[in-house]
Amino acid sequence: MNNFSIISEYKPAGDQPKAIDEIIAGLSSKKRSQMLLGITGSGKTFTMANIIERTNRPTLIMAHNKTLAAQIYSEMKSLFPKNAVEYFVSYYDYYQPEAYIARTDTFIEKDSSINEQIDLMRHAATRSLLERRDVIVVSSVSCIYGLGSPDLYYQMVVNLEPGQSYLRDQLLNDLINLQYERNDIGFERGCFRVKGDNIDIFPSHYSDKAWRLSFFGNELEYIHEFDPLTGEKLAKLDKAIVFGNSHFVMPQETVNNAISGIEEELQKRLEFLKSQDKPLETQRLNQRTQYDLEMLTETGSCKGVENYSRFFTGRNAGEPPPTLFEYLPEDALLFVDESHVSVPQIRAMYNGDRARKKVLVEHGFRLPSALDNRPLKFEEWDKFRPQTVFVSATPGPFELEETGGTVVELIIRPTGLLDPECIIKPATNQVEDLISEIQTTIAQGFRVLVTTLTKKMAEDLTAYLQELKYKTSYLHSNVHTLERIEILRDLRQGTIDVLVGINLLREGLDIPECGLVAILDADKEGFLRSEVSLIQTIGRAARNSAGRVILYADKMTKSIDKAVSETLRRRQIQQEYNEKHGIIPKTINRAIHALAEFEKIDSKLDKKQAHTLFDNPAKLKTHIDKLKKEMLKAASNLEFEQAVKLRDQLKTLEEAALELS
């Protein structure tokens, strides 16, 4: 069995050793919930990694969005190169759920675009959880949505071992039952092909490796791992396990039982609709469901098959659907990152999903069982979650209640950096004073972040500062992902000195060059000026030893008082620690590589073209598809050098698209 092993030049420092010991002690004493209060720059991810290494338990890390999940995944991957670090988020690039608007009698069909790279990574995650214990899965909150039953998923695997006999037709049929497609021409992920005594399989969890099964009669002689593009043999395998090409694969017997259950529910529902004198809904439901039943009978699947998932999993009405949590072993560990955002998200998901599906059921578009194709209710998630460590700089009420208000603090940064000095100034002449502060900060060689309450004010302030010849930019929700990254890079490099935003200057904005954070209208109580928002925004100045925060306010609100008091408390603890240990705070010197993924793209893609691709996901997908065809064409023409070059370019584009999605 592989143990977790961190590969890093760093060792736990500051508050990290104490926090690691406290959390591990809590886990050993069977505490179900613990709270790790980690301030900006305290090394929360590194602390989590050390807890995982010491406890040696399979781990799920939940984040509140794909971007944060990708960031944690990247960090964990670099810390645990010898272990299985997996990424599990929604595989939709675009998703429009089916819906019915009764007011206008408008039915909206489900429309979606699946990201093949993310689908591959989801398969790799579930496979790792079923095959090994040294697994870290980094997930968004979408992991609470229904997934195929792990029992059926594992029951359907095909085990292959050299020296064993296999009936060829039966093996091919087994692959088809796993929803693999036979394709002797276009060999890609989720396909298999037959050539003489060889069967090639492109597993669902690989992007650049395939397996070649070499037979002598019915006996499997060899299993080789090979490069599907060049045909080069990479390794000889002692065994291979083929998992389903979908998480919803199931035996034919299960499909037959499900069809019977669907037919029974359909008859009951039709009788009910007739008794309610709803002929249109009756006819609509019968027609749609009968079509789905025909498809299930003929192919074992249908469009929207997930709406019948309760029948396939054998669950009763109202019971929770199988999710990623059922793939976790009993002794798994759960970290909920930025829990003050993640926990409310989990709480909200069920109600929104049910409201939409309830309308579909009432108007005859779906059977009532479709309501059971859903995310977990908050209470169900709370019941299923294993031992949990909530992680946040600003814990929410649920986490504090679960832990009895007890928190494990990460306040001392390994770098010795202090929480920024907080200054409160009148809001009456805030813009005039801000200009003076901007001049001072720029003269020191630092950058300025300014947060406003409204989009209009942000736009007007940006325009005004630009008129005064300050290098200013405005960060808002309409800025494309790539453009956002470029703006932040320009800010760090000094191309921009001042960045103005609204709610985009909180979690995850890492600017060591920032010497001043200015919060305008700080005394306007509300979501953007709550205690949590203020603490998170103040944290943006904590990467710089000279970092300051100015809160412009004409009155002292409860939120300002609490946020400033908490910042001062932390600052005093940090100062005392530094004095005791002779530490001089130094600004983090972090390399500017925000556009690394973008700049790695082959030189054939000029900057203007790449801008266009990343600004328009549809164009990017079209370009990726075009590259795939060119690569396969080059390979079929035996132009392997060109094919490999195209493959590398394609891989870079797909990775960049994944991180920028």
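Cβ from N, Cα, C; glycine included.
According to Swiss-Prot, the features are:
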| type | residues | note |
| --- | --- | --- |
| DOMAIN | 25-182 | domain 'Helicase ATP-binding' |
| BINDING | G38, I39, T40, G41, S42, G43, K44, T45 | ATP binding site |
| MOTIF | 91-114 | motif 'Beta-hairpin' |
| DOMAIN | 430-592 | domain 'Helicase C-terminal' |
| DOMAIN | 621-656 | domain 'UVR' |
Can you tell which of the binding-site residues (T40, S42, T45) has the fewest other C-beta atoms within 10 angstroms of its C-beta?
T45
So how many other Cβ atoms are close to G43 (ATP binding site), meaning within 10 Å of its Cβ?
23
Using a 10 Å cut-off, grab the number of neighbouring Cβ atoms around the Cβ of G41 (ATP binding site), all chains included.
20
In this predicted model, what is the average pLDDT of the domain 'Helicase C-terminal' (430-592)?
88
Look at each of the binding-site residues, I39, K44, and point out the one with the fewest other Cβ atoms around it within 10 Å.
K44
Looking only at DSSP and grouping its letters into three states, which state does T40 (ATP binding site) belong to?
coil
DSSP helix/strand/coil residue counts for the motif 'Beta-hairpin' (91-114):
0 helix, 15 strand, 9 coil
Setting G38, I39, T40, G41, S42, G43, K44, T45 aside, what same-chain residues sit with their Cβ within 8 Å of the center of the Cβ atoms that define the ATP site, listed in sequence order?
T47, A393, L410, R413
Any same-chain residues 6+ apart from G38 (ATP binding site) with CB under 8 Å of its CB? Would you list them in sequence order, or say none?
A19, K44, T47, V391, S392, A393, E409, L410
